[in-house]
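Contents: one structure, followed by commentary.
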Amino acid sequence: MSTRRYPSSSWLFWVSTCLLSLAVLTRALELEGLFEFGEEAGDLQLVPGSDSTAELPLNGSLFLFADTFDKVYINTNGFVSVVEPPAEEQYLGKMPASFKMIAALLGDLDDSDGRGKVHFRWDSSPEVRNRTAEHVRRAFPRDDPEEPVGVLIVTWENMAARGTPGRGDGLDTKRNTFQLVVASMELSSCAILLYPRDRLQFLSTPVGGESKLLEAGFNEGLVAGWWWSEKQGTYFRTTTDEETSIRELTEKTNSGQNGVWVYEIGSSPIFVAITPGMVTTLPEEDAIKPPVTLSPRRSEKPQVVPQETDESPTETPNEYRPITAEYAEPETEEPDYPEYPESETPTYTEPERADPRYPEPSEPRYPVVEPLQPTVPETTEPRYSPVQPRYPEPAQPVPPRSRSQQPQIVVVDEDENLDVNVFAYNSETCALNRHKCSAFADCRDYSNGYCCHCRPGFYGNGKDCVAEGKPQRMNGKVNGRVFVGNSPSPVELSNNDLHSYVVANDGRAYVAISNIPDSLGPSLQPLSSLGGVIGWAFALEQPGYQNGFSLIGGMFSRQAEVIFQPGNERLSIKQQFTGIDEHDHLVVSTELEGRVPAVPLGSSVQISPYKEIYQYDTNLITSSSNRDYTVTSPHGGGGAQTRSYQWRQTISFQSCPHAEAATAATQQLSVDQIFVMFDADNHLIRYAMSNKIGSAHSSLPEQNPCFTGRHGCDINAVCRPGDGLRFTCQCATGFNGDGRYCHDVDECRETPQVCGPNAVCSNQPGTFRCECLSGFVFASEGRTCIEETRPVDHCQRGSHDCDAADRALCSYTGGSAFVCSCLPGFVGDGRVCQDVDECQQDRCHHDAFCSNTQGSYNCQCRPGFHGDGFQCRPASSEREKTPCERHRESAQAATSSSGIFSFFRPRPAVGQYVPQCDRHGAYEPTQCHASIGQCWCVDASGQEVPNTRTGPGSTPLCIDQAVTPAPVGPTPRPDVHPVAPGTHLLFAQSGKIEHVPLDGYDIKKEEAKPLLHIPDRVVIAVAYDCVEKMVYWTDITGPAISRASLSGGDIIPVITTELQSPEGIAIDHVARLLFWTDSMRDTVEVSKLDGSQRRVLFDTDLINPRPIVTNPAYGEAVVAVDRHSEKETEEFLPQRRSRLYGITTTPTQCPQGTATLPLTSYTSRCKEESINR
């Protein structure tokens, strides 16, 4: 390893070295720094011996590689396995073993002399979980890790090498103490390995008569291979066959403290690879580094060059020994490549990379060849040159689309100013359009317009630029209808997740689609190109040729048609690629429509390697190929069947019309090492393949490792070809290292002011993001955070020029605009309003006096008349009979007989119905017919209301249908006015949310329609965010708080944990806060609208808090609680699924607030009331 020279004096270098050594020393893990262990900690103890094993059931799940386990086995020999391990002779000195294990420090250990002990427990205490979470956060600072639900702690204390106790040669006095802590989250597990200083006193143990070094790592064991065979899975070693690697367990770190090592070891539903912690430096080291300001422009890096030797005239790639960890992955023979001459055969190891676990067609070869250390030339140039604290003009972070809400975010290596449609160049110049280029692209003017071009070290179409050598990911959704075989009904796909991963420097692509039913999954296995388009996009480029992303970037549409033989089934595939999101993932939506031949469940599919010709034209790429695949039945009864299909596809995109195209008219994509599998247990369809893009004409394949993918560079590095078989590895932009091992550069930590004032920096893999503080937004140039100019609601502030409030109304219309209008009873332009004299309009009865008032009038009957002034009658006159009274009189007149008795009072005939009228002559709302014993409800005209008639002994509950005439005089309160056009009423009813248009004071019931239907849920409360047009609701069956766009889309969970019965919900659209109540936890809580920064506002003196509303203008929340009852009323139980619960409105414009308050400054008032719904 070469020494980096600094332009400082030797004494300064010596002092710096001493300070660094002191910092390292002070950060070493001491014995007291281990997690508490022993009987007082509640530990169990392993039976003493040299090969003892104990089973420990877990009160939770442990994820190891791609599998989940609920129990583990602790062994004396320094490891934990998920199955009962065999005798030690089968694995000691013979790693990798056939079973899954976590080797904390594997060797032939012994604790039979009473000094050594093995302690273990499962711990769910908050103290241990919090401490574990802190280790994980420190190791993965850029992530937001899950909180552990349980922790496995195993401690090997004072362990001896077997056969040494009592020998008296000094080795018997050496003891090792170390600890394994496994944090189990809901969807993943992390291992924390702790090696205290001076507690690794021996580095080897006798095995089979030989001294074998201790080793640590994670072993996958045997996994499924081809033809129901088994093969050795991944063995991720954290030590090598050098003693120094074991000593460095106490002296180095990947989590910020020497002796502490953190790895993500398993996840669900998709596992990529064992992931080591990212913090390999100590916090004290940063204090002695000279401050620099980061420039996004890429500068030169140290390059890795192979060592030259005198013995061999032809240089070969050197092997490499990683500093912290090593993958031992299967090597795959590629028959397309000729044999190398003996003097030119490049030796390599697989790079440390985050690959999903996919079986390869060929068997792996073990043991793994240990790599050597490459030579790094001396250089004095740092990766980023110190510059003034500003961005270079070409490297401008691009702001998101203009929005006034917080937070404002910019991704420095992404162009976020993209819509879902393919972008288009226009004839303008770079002066006005530079911001449309990627932050890592230059804008170039042409005679008819401008074009964007990625800078050296990046590739893409200028709109999208990614760093060379950096792995790429793709996420998306799959929808559609697919018929299988002769089935008359299709299998529906609805928002199934699609994930893809590409190791860009060797062209290997991996794809997984989740939630695939068994009826469809096996039959999708031949369709490896469903996600294989990302293989073309990031295929390994041969000399002079470019992959898809280099040519057209990440925004394009793809249409493919597959015709299967011999059944002539057809399937249509439509994919829309919408660019790279803020997480550096390519985003795609996929639609499937058609029929595929049936493949029985349990069958395996093998796809033969194929070549595909791509023909390039302006804004269009076409290709076609014929492919063969073999289906093997699960039990071999049907043998193997070879089938074929024809594949045709068209890719459309928008290129820059001004630059000259430098692409070959035809290119050939070569795809081999194809692996497909349907995982029925997890309902996943998996694809893997290797992709190369090159000449369409036959030629000898390139032999340089950069073009074959056999180079051993880190997954975050680019392979630079040299003469013959020579090559160098260079870390991608945003990463540091020697090319064989690269780690992310924390630009935010190295250059705290990189984002400038009023902004915060967020580190990302290979890049960083700048986010404006609350109250600030990005300026038009996209890099400076300036104070946000908030709109002013002059109506609320009182700074309008409308007439007085008792004569005019000020209506806020958005922004800082408002309109003035006169109140009813006044006329004018709203700024000057005059009273209307209604008495001159003959509003009152002609026998009444009229008195004019400001904005209204009064009517009063003259003396000798009575009435309300609008209707006046002489005091002596008899009131006119009402329809009910006339109906009653008519019924009574229908006598049962006539003749001499007709002069008596009329009486109804037997069985005759006589209506009942109230004292005002109106129909009683409940009418009964005594003769038949029935009652029913009637409307104001006496007509029976359908479905209200009851039998004898019961009376319906009827509503008074009498209509009171609307007053002609006084109007509603001046501050009550109709809602704005376009406003809807939202209401929750059991498992659905419906919305109804409002028209002034009226509801358009005939236009009501459901917004969301989730029949297995009980939605209680709803709230609306008028800024982002999102609907939020509480669900007591989850329980959960979720949201969805008012215009439709996926349901997005917001809060899913630590809820029991969330009921009330409210939104503060100004402060961007979410409030809710939990009637079983008796809490009022608040969080950001995405569920982050969750806080409990109140958890005492509350009983069944339910409704909650916010007042954004003054930072208040009002809560209704039940002080008189501590139990649910029967009317509110979820079984009453037809009841109406939450209700809110969706205004077209936000009501403006005057304050933006943080979570901690919000106040609350509780309104005590008895909830009786």
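Glycine residues also receive a Cβ, built from the backbone N, Cα and C atoms like all the rest.
Annotations in TrEMBL come from automatic prediction, not curation.
Positions annotated as domain 'NIDO' by TrEMBL: 104-268. Taken from TrEMBL, the feature compositional bias 'Basic and acidic residues' applies to 350-363. Annotation source TrEMBL lists domain 'Nidogen G2 beta-barrel' at 470-703. Residues annotated as domain 'Thyroglobulin type-1' in TrEMBL: 881-958. Annotation source TrEMBL lists disulfide bond at Cys928-Cys935. Residues or ranges marked as repeat 'LDL-receptor class B' by TrEMBL: 1029-1071, 1072-1114.
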Residue among disulfide-bonded residues Cys928, Cys935 with least C-beta crowding, 10 angstrom cut-off: Cys928
For the repeat 'LDL-receptor class B' (1072-1114), residues assigned helix / strand / coil by DSSP: 0 helix, 20 strand, 23 coil
Secondary structure content of the repeat 'LDL-receptor class B' (1029-1071), with strand meaning DSSP E or B: 0 helix, 23 strand, 20 coil
Arithmetic mean of per-residue pLDDT over the domain 'Thyroglobulin type-1' (881-958): 78
